[in-house]
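Q: Submitted below is the structure of interest, expressed as structure tokens.
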Amino acid sequence: MALIVARNRADLRKARGDGPVALVPTMGALHEGHRSLIRDARARAAQVVVSIFVNPLQFGPHEDFSRYPRTFEADLAVCEAEGADVVFAPSAEDMYAPDRQVSLHSGEMGRIVEGAARPGHFDGMLTVVLKLFNLVQPDLAVFGQKDAQQLAMIRRMVADLDLDIEIVGAPTVREPDGLALSSRNRYLSAADRQVALVLSRALRAGAAQAAAPKILGAARAVLDAAAPALDLDYLVLVDPSTFAEVGESYSGAAVLAVAARVGATRLIDNVVVSVGG
Ligand code: PAF
């Protein structure tokens with residue numbers, strides 16, 4: 001079946017099929033990581049809807065909203081090649097009424113770690129994801145583990161607001177040298193890219209340790225050695241579902257998450273580690 005491009009909510013309503021629907025929310029600039037999300041969705045549902053919308057609400061005033069890569073024609077080709085049925089690509093005007101009043105509040109969990117670095121980001125992200133859920137009415141939605149706190153916040157929203165949607169977390173896709181795929185990687189110069197490799201190297205060094213202090217210490221040593229070319233924002237070891245930092249004697253699964261600036265580009269990455277065993 002040919003790919004349907006729905007440019008507004010009326011088109012989307014007409015395109016909706018009967019069987020289980022999987023939604024893959026994206027901001028476009030699709031890469032191999034997104035391809036893997038679409039393939040995962042394809043394997044789970046009768047209809048796959050990919051949304052492409054660069055959501056102004058989740059960008060801070062000094063962030064990269066205006067220069068965020070927009071590659072719509074190439075994105076359509078990716079969706080078609082991966083067997084998506086519908087691309088939902090609304091305009092900002094279609095999504096947000098000018099006199100809009102109500103939006104989501106991501107709570108304390110949205111104010112820590114990535115939320116502390118990007119005030120308001122998770123409020124804007126949850127607001128658009130809830131709107132996409134309401135518009136598409138999917139049975140399931142697929143998100144990448146690359147944005148681990150985003151995934152945890154969406155799971156929290158689904159639980160707190162009693163949404164009947166299965167949330168699937170898909171593994172981070174990496175380049176052969178370890179760099180996690182991200183739409184923002186295209187901002188990196190060749191020299192920046194070499195520095196950016198330190199993020200995944202640090203996470204691997206941390207993951208090779210067992211106790212929480214050693215995990216953090218090993219990762220930090222790798223990151224510190226790359227300063228000042230790599231400007232560390234945070235390195236944390238957190239509970240995967242709450243994103244609260246774990247204590248020194250913690251044991252169980254945890255997320256080792258890092259954010260850093262390389263040149264003008266801010267990158268994030270994470271791995272799930274087994275602490276204390
Ligand atoms: O991960 C993203 O690309 C965005 O945060 C999302 C989930 C599409 C919401 O705008």
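Glycine too: its Cβ is placed from the backbone N, Cα and C atoms.
Fair warning: this is a prediction, and the values are worked out from it, not measured in the lab.
Copied straight from TrEMBL:
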type	residues	note
BINDING	27-34, 144-147, V173, 181-184	ATP binding site
ACT_SITE	H34	active site, proton donor
BINDING	Q58	beta-alanine binding site
BINDING	Q58, Q150	(R)-pantoate binding site
Q: To the nearest Å, how far is the Cα of the residue listed as 'active site, proton donor' from the Cα of Q150 ((R)-pantoate binding site)?
A: 15
Q: Taking ligand 1 as the reference, state which of the recorded positions M27, L30, G33, H34, Q145, V173 have a Cβ closer than 6 Å to one of its atoms.
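A: Only M27 qualify.
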Q: If one looks at the chain holding Q150 ((R)-pantoate binding site), which residues at least 6 apart in sequence have a CB under 8 angstroms from its CB?
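A: Counting only residues 6 or more apart in sequence, the Cβ neighbours of Q150 ((R)-pantoate binding site) under 8 Å are E114, F122, M125, F143.
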Q: Could you give the Cα-Cα distance between G33 (ATP binding site) and the residue listed as 'beta-alanine binding site', in whole Å?
A: 21
Q: Just to verify a number: CA distance, M27 (ATP binding site) to the residue listed as 'beta-alanine binding site', in angstrom, no decimals.
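A: Cα of M27 (ATP binding site) to Cα of the residue listed as 'beta-alanine binding site' measures 11 Å after rounding.
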Q: If you count other Cβ atoms within 10 Å of each one's Cβ, which of the binding-site residues M27, L30 has the most?
A: L30
